[in-house]
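Student: Shown below is the structure under consideration.
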């Protein structure tokens, strides 16, 4: 495929989508994406549908195809979804990402107490925080390294260091590590410095400082890289390599690799000091680069990995390890196997600048060979960045817009995985980029390194767009490191290093470590000890879990299936389960399991069961009850368990087998209840004589009693609780109700402070507790303040009586009046009361009567008259009556302007076949207009309609066409209105297919994709996988009417993909899948063949498949074969082979070659061949041995079952006499156990007895051994105590025995003594020499010996790790440790205090662990403070122990409490010490125990309980003890309002009042009423009332529209829905309609009287509904309904109907027509031009009248010359194509009226 670009380009495509971003408020947020397209797309950013523009905080950086959105100082309002929209000429694409802005953590509140100064920064109570972290370093070998960290936190954290996940003392060679604590840092916090003296290459690695205290753990890491100093100048590559290592002593191993594959070498080296590793190739040191990776694996092995091997990589690779004790080598010879098919010209390494381009070029042997490009293991697809070009045999890869991450290894691959490799180097600010990806196990350390061109520059590390903290970043010169210690799954993501516009990215992947759950406890046992308890014991799991764990104990009642958790235990051992732990009495079983963070172990069930009984205790006892006479008395108590009890009243047992009972007939009634742990006794309606009754409760273990006290209840008002405001209209019934707490208690009513007197208009009633004042028909004078007074308390009512509101009867709608200058305008408003006050307003100002404005009144009708209206009189008029208004809009048009609308030019855009209407409004309804199009008068037709309606003139195009575009004029006299119509084609739509189509085809099938459009001539474009297709022989594009087709005549699998048919405004999608043809076996033709071969021999099975690329699988006897040296599989073109190079009889069987669709079977049989000697054992000829030495002669036959015979010098050899004959498979062996001189000669092994049978001979020579002697002498040695001593000598012959003696005693090998034999060299090694090992060492061989003297010098016992000052708190355990340079003998060191030996006891103990000596002080006391020392014979170290008194701390702090009014609150805290006395305070005032305040303490726990709380109790609760003070907040909230009783369903009659009522739990609360989910608002018909806790909703004059669902809501409480049903009133007609006859132009009035005044009616004329307005006026006067029809017309004749509900009345209206007259006549004289059109027009008095047109007295007939038109009252005569002969007199006859016009014609013919 050649690179090319189409003319149309490619639509935008997102290569990388923006990622969601989470930032803290005030930080910087950045979104990035990569978009490609041709031409380069325009990128816009949007939020909430609005395009974003650059500002001070918002910018849009671009870098080639990378586009970004940078938001500085992010605010919470900036959060949301941001859309990146890319658009070019070829299409559009978009992507979205969310930005989340988090609020910054709130600052810690400052302590209220000023007694203690605030702690220094970083040392506040809490988890450790790193103030200063270690910094990564790059040093030369031998340099000193100092890693320092400083940590804050309280309590002071414990610090320790790790290297590569191991503690420093676990590192093999850590003698040069020194830890220096510094607890006196000036800026606070703990500090621990790691100092490495004379750094070595093995010291390279990741160092992590851990900080841990009771509140948590923190860690920070740094990278240390130790480099070899550059001692020699760089070598000229043309010079031969200089040997830097010793020659190898043995032949290296050989390793073969195919070209383009990876080679991996691994060596494992041990030594002390830890050895330094170097890799060499052909003697030259290797350095890591892009294709050579050097690292150390998790098992400690050193690995060299050569990527994508090439021919130049062949050679000898050596791993050299050296330390101060010596060096060792390991080598391997690498051979690179080159493929047969090779690149004609391979790739060459290239370099390029960042943001530039590079070109990689190679040549293939044949232009038809397909190739693929890779960047390392990632396949590269063609795009704008990676342009792939094929020109003949040349293959090019052009990389555009280079970035740091483009640096790497690139490959071009042919078939057969033949590759050519090249390096691409990107020059820029970043020299060494990050790896593509990094895989790290969970918990390991992750290290990322970047090298920059300039030193000292500041880069930025981020993960998934979020900047990483500075504690894990380090920079030194050109190197930048990111160290992530102990990675977790949350650390995974895309890590980026940015430097200006350059960046490099890696994908950090964290692999989870699978942890096993802990094991179960063992040795579980149950002991039934004391009564009502059970003892459970167990042992910890084996092996114990690695992490912390607990034990979970569960119980199960026998007979139940449910297990219930009892409690959790941290330590193993025993636990006693009392009966109080179970809810009810029963037999219980128990089980236990181990739980840790890694899961739960299986349960272990304790054998047997235990019977447990819960013991009842009194949790909350009985209390004396005081109630009023007639109320219920409730006694209750709470027990600790569910148990039955008995109630007593005055010593008499109350029956509890019934829900209710009675002490005795006619006496006190009671009710007993039990809910769970609570028992209640309710004495109902107690009387005064029950005063002093004693109530008791008894159950097993509990007995309690209380007394009943009854008081005479004072009278009080139950309702209303507050003042009631009531509003009524005159004649309404008013009822004021006051409910008292006592029955028949007297009360007095007052009005305005005066006692009321009963009369017919005011009635006072008393009914039980309720007292009522009734006004049967309220009047305005009854308004006032009413009071119901009794026993000094009162209920108040404010009553307001008003006249009923006035309503406007007509008009009900907005009235629009149009008039011309000097016309009379009348505005009429009718109200329902004649005495109502009416006010008129114009444009908001009240009008006053004058010469130009006349105000009239006629009964309920009020009029405003403009006798001679002027344009300035127009405006907005209002008729205001009470709260109602009627609106009139008056428009006065000057005669000079006939066209009211439109005022300017109108532009109409339409789509073909749409309906277009042009509207022109005139000032008068009888005015005539003329319509023209592009200067020509239009003619009415089905395609063009002219309409006239009152003052409106319309031109209608029912189905507009393209040719209808143009300018239309509506002309009248000298005025015109202009309309410009533009008609366009409708957008193209795809009719078929509507959904995505999926097609499946087989190779070479014809695939047709069809798309049907809404337009025949619409163009389309076809795309495949986002690229526009081009028509070729393999892809044909067709067009047939509205159908468009894409045809693949012979589809191939690569033709599959997503096809898109793009019609501009619409697209259709097709998914095509083309599968390969069936895979067949074309040779052999037979499907089963029988083949025979010799064994052993070469067997080859061969098949040919079609197509040639088909995959096959081979089977033997039903099992798939595996490739090995004995079985090889081959494939070349269509041929597939299976080869057995050395077939044996056992290889016979059934072989099957199987493709996806076919198979062929080979039945292979193997016959044995004659016996042959395959190979003798590798022995010299002749074989020379010494007497007594064993001899073994061996050979191998071609068949294991063959028989052989042995002979010695021609004589048969027999078993025995020191000779042994053996057969081991195909091998035949002759063994001589101890050779002597008689065994010299020729030994022959012959197969078979036939003459000429194959044979094999061996020549054995037995000779005397050479004498044994020592060749070299031992050397005297002097070593230090603890070092190794090595004695070495050489012996001849090499196999001679050597005996070692020490001080004359034979040496026996052991842990300290080691003897080494290597050729002729003999070595004795004495490990860890001690002073007692000094003496003489002797080596003896044969008759010779040699001796040397060993001297052992005593080593000084010095302290490597010295004592450190320790600060401790009284009662803690303190440990002092030192580390010596060697392991000293017991008692080699001694401990001191104050310079004196330290006496040891149970609190002071010492211990030694190798090099470490430890002093332990358990439960340190204040007297233990002082100076402690540790000394040996050669060294001494001192440290100071400081002990501070035990401080009081809170282990569990106080917590804020929120309760409701009347509730109780409990505050509890736990201190670090017992027996502490503290004080509780509220709002700074000390609290003392009382009825509402309970204070108690138990051990370290202190508790405060406050009950009966009110709103005023909110505030600060504090606890003070010694120097400790802690506080919490108490918040008391109001009890939320609830709805006690909601509204009920109602059914009312239309016109009546509906009242909904609900009752609340509180008096002062606002209620919202809703109807059908919508809140209701006040209106004249809707009133709201509040009566104490009752809330009323009153709906007056209900109609059917009021029906629906009503509910009330208060706060969060909502009542259930209540349904209002409005019944229709039964209406009957009292006064029927009367038929009328009237003349045209007169008025007609119809009246109908019905039985109900609140009924609405409906009027009809001729079956058509009538509505007020124009000539129709409708009004209602009580029960009378009136219809007035003015300006009658003949067409008004018909039946008049009035209907009110089911009632109906009919009448007949007859309208007599007036004689037809002309209202407007034609001009007496009219002049027209020749060839033009003449129009004569008249207007008659009524529409439908007939007129007659005549010329010179002769009636004209319609035709092509004359056209008669009629529209309403207008009649026209149109004379077409006027000629001179058309001159004359034209007459129009309308009834008895006529008019003449003289037509004059001007112009030449």
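Just so it is clear, glycine is given a Cβ too, placed from its N, Cα and C backbone atoms.
Below, the features straight out of Swiss-Prot:
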- 10: phosphoserine (MOD_RES)
- 12-100: domain 'Ig-like 1' (DOMAIN)
- 33-84: disulfide bond (DISULFID)
- 85-94: region 'Interaction with TTN' (REGION)
- 104-122: compositional bias 'Pro residues' (COMPBIAS)
- 104-131: region 'Disordered' (REGION)
- 128-225: domain 'Ig-like 2' (DOMAIN)
- 149-209: disulfide bond (DISULFID)
- 240-330: domain 'Ig-like 3' (DOMAIN)
- 267-319: disulfide bond (DISULFID)
- 339-425: domain 'Ig-like 4' (DOMAIN)
- 362-412: disulfide bond (DISULFID)
- 738-788: disulfide bond (DISULFID)
- 804-891: domain 'Ig-like 6' (DOMAIN)
- 829-879: disulfide bond (DISULFID)
- 902-982: domain 'Ig-like 7' (DOMAIN)
- 920-970: disulfide bond (DISULFID)
- 986-1075: domain 'Ig-like 8' (DOMAIN)
- 1011-1061: disulfide bond (DISULFID)
- 1078-1165: domain 'Ig-like 9' (DOMAIN)
- 1103-1153: disulfide bond (DISULFID)
- 1176-1261: domain 'Ig-like 10' (DOMAIN)
- 1195-1245: disulfide bond (DISULFID)
- 1355-1442: domain 'Ig-like 12' (DOMAIN)
- 1536-1628: domain 'Ig-like 13' (DOMAIN)
- 1558-1608: disulfide bond (DISULFID)
- 1702-1798: domain 'Ig-like 14' (DOMAIN)
Student: Excluding near sequence neighbours, so keeping only residues 6 or more apart in the same chain, what lies with its CB under 8 A of residue 1103 (disulfide bond)?
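Tutor: Non-local contacts for residue 1103 (disulfide bond): 1081, 1083, 1084, 1112, 1135, 1136, 1137, 1153, 1160.
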Student: How about long-range neighbours of the region 'Interaction with TTN' (85-94): same chain, 6 or more residues beyond its ends, C-beta under 8 Å?
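Tutor: Residues 8-14, 35, 37-46, 67, 1028, 1062 contact the region 'Interaction with TTN' (85-94) from elsewhere in the chain.
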Student: Over the domain 'Ig-like 8' (986-1075), work out the mean pLDDT and round it to an integer.
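Tutor: Taking every residue of the domain 'Ig-like 8' (986-1075) together, the mean pLDDT is 87.
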Student: Any chance you could find the range in 128-225, 339-425, 804-891, 1078-1165 with the most Cβ pairs under 8 Å to the domain 'Ig-like 1' (12-100)?
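Tutor: Looking at each of 128-225, 339-425, 804-891, 1078-1165 in turn, the most contacts to the domain 'Ig-like 1' (12-100) are made by 339-425.
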Student: For residue 33 (disulfide bond), which of the recorded positions 10, 738, 879, 1061 has the nearest Cα in space?
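Tutor: It is 10, whose Cα lies nearest.
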Student: How big is the Cα-to-Cα gap, in Å, between residue 1061 (disulfide bond) and residue 319 (disulfide bond)?
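Tutor: So the Cα of residue 319 (disulfide bond) lies 63 Å away from that of residue 1061 (disulfide bond).
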Student: Pick out which of the disulfide-bonded residues 149, 879, 1153, 1195 has the most other Cβ atoms within 10 Å of its own Cβ.
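Tutor: That would be 149, with the highest Cβ count within 10 Å.
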Student: Sorry to bug you, but what's the C-alpha spacing from residue 1245 (disulfide bond) to residue 788 (disulfide bond), rounded to the closest Å?
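Tutor: About 143 Å separates the two Cα atoms.
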Student: If you compare CA-to-CA distances from residue 1011 (disulfide bond) to each of the disulfide-bonded residues 84, 362, 879, 1195, 1245, which comes out shortest?
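Tutor: It is 84, whose Cα lies nearest.
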Student: Could you give the Cα-Cα distance between residue 1195 (disulfide bond) and residue 267 (disulfide bond), in whole Å?
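Tutor: Residue 267 (disulfide bond) has its Cα 37 Å from the Cα of residue 1195 (disulfide bond).
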Student: Counting distance between Cα atoms, which of the disulfide-bonded residues 84, 738, 879, 920, 1245 is nearest residue 412 (disulfide bond)?
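Tutor: Checked the disulfide-bonded residues 84, 738, 879, 920, 1245; minimum Cα distance to residue 412 (disulfide bond) goes to 84.
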Student: Count the Cβ atoms, other than its own, that fall within 10 Å of the Cβ of residue 1011 (disulfide bond), considering every protein chain shown.
Tutor: 25
Student: Taking the Cα atoms as reference points, how far is residue 970 (disulfide bond) from residue 84 (disulfide bond) in Å?
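Tutor: For residue 970 (disulfide bond) versus residue 84 (disulfide bond), the Cα atoms are 50 Å apart.
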Student: Cα of residue 362 (disulfide bond) to Cα of residue 267 (disulfide bond): how many Å, rounded?
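Tutor: Rounded to the nearest whole number, the Cα-Cα distance is 37 Å.
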Student: Distance between residue 84 (disulfide bond) and the residue listed as 'phosphoserine' at the Cα atoms, whole Å?
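Tutor: Residue 84 (disulfide bond) and the residue listed as 'phosphoserine' have their Cα atoms 18 Å apart.
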Student: Counting only residues 6+ apart in the same chain, whose Cβ is under 8 Å from the Cβ of residue 1245 (disulfide bond)?
Tutor: 1173, 1193, 1195, 1204, 1205, 1206, 1228, 1230, 1255, 1256, 1257, 1258
Student: Which residues in the same chain, at least 6 apart in sequence, have a Cβ under 8 Å from the Cβ of residue 1558 (disulfide bond)?
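Tutor: Those within reach of residue 1558 (disulfide bond), by Cβ under 8 Å and sequence separation of 6 or more, are 1539, 1541, 1542, 1543, 1567, 1590, 1591, 1608, 1615.
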Student: Can you check which residues sit near residue 319 (disulfide bond), meaning Cβ under 8 Å from its Cβ, same chain, 6 or more apart in sequence, and list them in order?
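Tutor: Non-local contacts for residue 319 (disulfide bond): 265, 267, 269, 277, 278, 279, 302, 304, 329, 330, 331.
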Student: Which of the three DSSP-derived classes (helix, strand, coil) applies to residue 362 (disulfide bond)?
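Tutor: Where residue 362 (disulfide bond) sits, the three-state DSSP reduction gives strand.
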Student: Between C-alpha atoms, which of these recorded positions comes nearest to residue 149 (disulfide bond): 10, 738, 829, 879, 920?
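Tutor: Spatially nearest to residue 149 (disulfide bond) by Cα position is 10.
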Student: With DSSP as the reference, give the number of residues of the domain 'Ig-like 10' (1176-1261) in helix, strand and coil.
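Tutor: DSSP composition of the domain 'Ig-like 10' (1176-1261): 3 helix, 45 strand, 38 coil.
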Student: Of the disulfide-bonded residues 209, 829, 920, which one sits closest to residue 10 (phosphoserine) when you measure Cα to Cα?
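Tutor: So, spelling it out, the nearest of the disulfide-bonded residues is 920.
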Student: On the DSSP side of things, how many residues of the region 'Interaction with TTN' (85-94) fall into helix, strand and coil, could you say?
Tutor: 0 helix, 8 strand, 2 coil
